[in-house]
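Copied from TrEMBL, the annotated features are:
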- 58-62, 121-127, Asp148, Ala245, Gly299, His348, Asp422: (6S)-NADPHX binding site (BINDING)
- Asn59, Asp117, Ser151: K(+) binding site (BINDING)
- Lys392, Gly393, Ser394, Thr395, Thr396, Gly421: AMP binding site (BINDING)
- 10-205: domain 'YjeF N-terminal' (DOMAIN)
- 210-478: domain 'YjeF C-terminal' (DOMAIN)
Amino acid sequence: MRRAHTVEQVRAAEAARMARLPEGTLMQRAAAGLAATCARLLPRVYGSRILVLAGSGDNGGDALFAGALLARRGARVDALLLAPAKAHPGGLAALRAAGGRVTSDQSLFSTADLVLDGIVGIGGSGGLRPGAQVFASLPRRGRVVAVDVPSGVDPDTGEVPGAALRADVTVCFGTYKPGLLVDPGASYAGVLQLVGIGLELPDPALAALQHADVAALLPVPDAESDKYRRGVVGVAAGSARYPGAAVLAVAGALHGGAGAVRYAGTAAAEVVRRFPEALVTDGGPAGAGRVQAWVVGPGGGDGAARALGEALASDVPVLVDADGLTELARLGPAALAGRRAPVVLTPHTGEAARLLAGAGEGPPPAAAELAAARLATVRRLAAAYRATVLLKGSTTVVAEPGGAVRVNPTGTAWLATAGSGDVLSGLAGSLLAAGLAPLDAASAAAYLHGLAGRSAAEGAPTTALAVAAALPQVWRAVRAGRGPGAEPDAPVRA
Ligand SMILES: NC(=O)C1=CN([C@@H]2O[C@H](COP(=O)(O)OP(=O)(O)OC[C@H]3O[C@@H](n4cnc5c(N)ncnc54)[C@H](O)[C@@H]3O)[C@@H](O)[C@H]2O)[C@@H](O)CC1
Ligand SMILES: Nc1ncnc2c1ncn2[C@@H]1O[C@H](COP(=O)(O)OP(=O)(O)O)[C@@H](O)[C@H]1O
Ligand SMILES: [K+]
């Protein structure tokens, strides 16, 4: 599990640690780790040209001390101070003593072999200040290494309220910060490198599953298993207008670990033609027979309202997607009140906007606004509907009401293809039917779906059905601990 902590959590852990260590120890550890990463990124340190951008706080201090270490190894290091009067005195003295120089020449940004972004770290707020904005758009030749956080990215949320400096690598200290794992911030961070500085940290604010975590969650049949004990997942999806959504949701469900898939809806003939192993009925969930979880809504069209009502009236977990969400938004959170079994909602940002409006949170916000504030959005939705919410998009995030939040590290923009969301809802519903808790089912499904998307695409456009077809190989890779993302220290973003 990759864990991320908020600024408040990091500061508390740092304060506790610093009380027991000589002053400056943590900064020395941070700078040493930072310099080591920079050295690995350069063909050779000796003779390379390095520009340090140093702001007014300790983030600038880290960058200056790292610059000093690199200067001692023969690099030519220039430091551009964004607030010269407030530059970290110890860091500046160390840099000068090592032969580094202070410069005001901004063109070095474009000629340096490596740029260290020490403008602002976890003390940052708002976008880059005017004096630093120029670096967000200057051409670059060498790599940019962000110190702790790319300057301009909000460390706690990943929001990017103004200009920010895009990094190739971010070296973060002590723990990941949520803003490094969630878009848009994550897309500014590049590859993440964690440097331990010996902090003792509390439960994380945000976590990202890794291969071993997902492998431990995946249901595996044993000698006692039969198809019913493995769980039956019901899929109420598709309509005369959108029969394909039924096929895609069933395709996802068939690869999610349930022992059987029961389809209920008007696309029964299409489903059986494609998947003879599915059990089908052309009525709604109420008359479909016993299942351990329902998936309602993909391509549901006019039938979504009835299917949602019948599924919610059952006593098993219900996953609501697509047209089911539109109907739920119309009804508002009251439709879920009194339900004992869990509810999982899987909106994209457009559906999230409708759900928020349906919860009485004012007029529907613009989807783009919600995408820019993914963590806040998923938390608001989970709280308003008292349900587990998986918010889809450039970074998929999953939240429980008032509780844990998970971020999916495996996504790929190739998944932005019609119908891939239907595969995801079938898959997640199947994991729910197999007995996984809602947060685990949703986040494991997103993890597998992302890997399947990568594997199906391999750099070329793919289709939703191909994503479903790639699921078995992805299961095997995750269970065997191999394939992309398998190494514990694999970059969060491939
Ligand atoms: N506290 C510690 O023990 C450690 C801190 N470390 C470093 O210290 C950093 C935090 O240092 P600070 O608390 O001094 O905070 P920062 O260095 O992140 O920034 C604080 C200063 O930047 C200004 N500022 C805020 N937003 C800005 C913006 N958007 N543009 C320009 N300037 C802005 C503030 O006015 C303030 O003066 C961490 O990110 C990490 O790099 C590391 O050395 C590890 C140990
Ligand atoms: N830019 C993106 N980067 C990564 N994944 C994306 C991006 N855009 C969409 N996705 C993923 O693609 C899938 C699309 O689902 P959805 O929006 O429901 O489409 P559909 O209704 O056509 O199935 C989701 O899993 C979503 O997370
Ligand atoms: K920084």
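A Cβ is built for glycine as well, from the same backbone N, Cα and C atoms used for every other residue.
Curation does not apply to TrEMBL; its annotations are automatic.
Where TrEMBL records a feature, it is marked here on the structure.
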residue	record	CB count, 10 Å
Asn59	K(+) binding site	27
Gly61	(6S)-NADPHX binding site	26
Asp117	K(+) binding site	29
Ile122	(6S)-NADPHX binding site	23
Asp148	(6S)-NADPHX binding site	28
Ser151	K(+) binding site	28
His348	(6S)-NADPHX binding site	19
Lys392	AMP binding site	26
Thr396	AMP binding site	29
Gly421	AMP binding site	25
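Cα-Cα distance from Asp148 ((6S)-NADPHX binding site) to Asn59 (K(+) binding site): 8 Å (rounded to the nearest whole number). Among the binding-site residues Asn59, Gly61, Asp117, the ones whose Cβ sits under 6 Å from an atom of ligand 3 are, in sequence order, Asn59, Asp117.
The two recorded residues, Asp58 ((6S)-NADPHX binding site) and Gly393 (AMP binding site), show a Cα separation of 34 Å. Cα-Cα distances to Ile122 ((6S)-NADPHX binding site) place Asn59, Ser151 within 10 Å, out of the binding-site residues Asn59, Ser151, Lys392, Thr396. Neighbouring residues of the recorded AMP site, listed in sequence order and excluding Lys392, Gly393, Ser394, Thr395, Thr396, Gly421, comprise His348, Leu391, Val397, Asn408, Gly411, Leu415 (Cβ within 8 Å of the Cβ centroid).
For Ser125 ((6S)-NADPHX binding site), the spatially nearest entry among the binding-site residues Asp117, Thr396, Gly421 is Asp117, judged by CA separation. Comparing Cβ neighbour counts within 10 Å across the binding-site residues Asp58, Ser125, Ser394, Thr395, the minimum falls on Ser125. Non-local neighbourhood of Gly393 (AMP binding site): Asp183, His348, Thr349, Ala371, Arg374, each in the same chain, at least six residues away, with C-beta under 8 Å from its C-beta. Note on proximity: among Gly61, Lys392, Ser394, Thr395, the binding-site residues of the record, the Cα nearest Ser151 (K(+) binding site) is that of Gly61. Distance from the CA of Gly421 (AMP binding site) to the CA of Asn59 (K(+) binding site) is 41 Å. Reduced to three states, the DSSP call for Asp117 (K(+) binding site) is strand. Listed binding-site residues: Asp58, Asn59, Lys392, Gly393, Thr395, Gly421. Those with a CB atom under 6 Å from ligand 1: Asp58, Asn59.
Under 6 Å, Cβ to nearest atom of ligand 2: this is the test, and of the binding-site residues Asn59, Asp117, Ile122, Ser125, Gly393, Thr396 it is passed by Gly393, Thr396. If you compare every pair of Cα atoms in Lys392, Gly393, Ser394, Thr395, Thr396, Gly421, the residues listed for AMP, the longest distance is 14 angstrom. Rounded to a whole value, the Cα-Cα separation of Gly61 ((6S)-NADPHX binding site) and Asp117 (K(+) binding site) is 11 Å. Taking the centroid of the Cβ atoms of Asn59, Asp117, Ser151 as the K(+) site, the other same-chain residues with Cβ within 8 Å of it are Leu53, Gly55, Gly60, Ala63, Gly118, Ile119, Val120, Gly121, Gly124, Ala146, Val147, Asp148, Val149, Pro150, Leu165.
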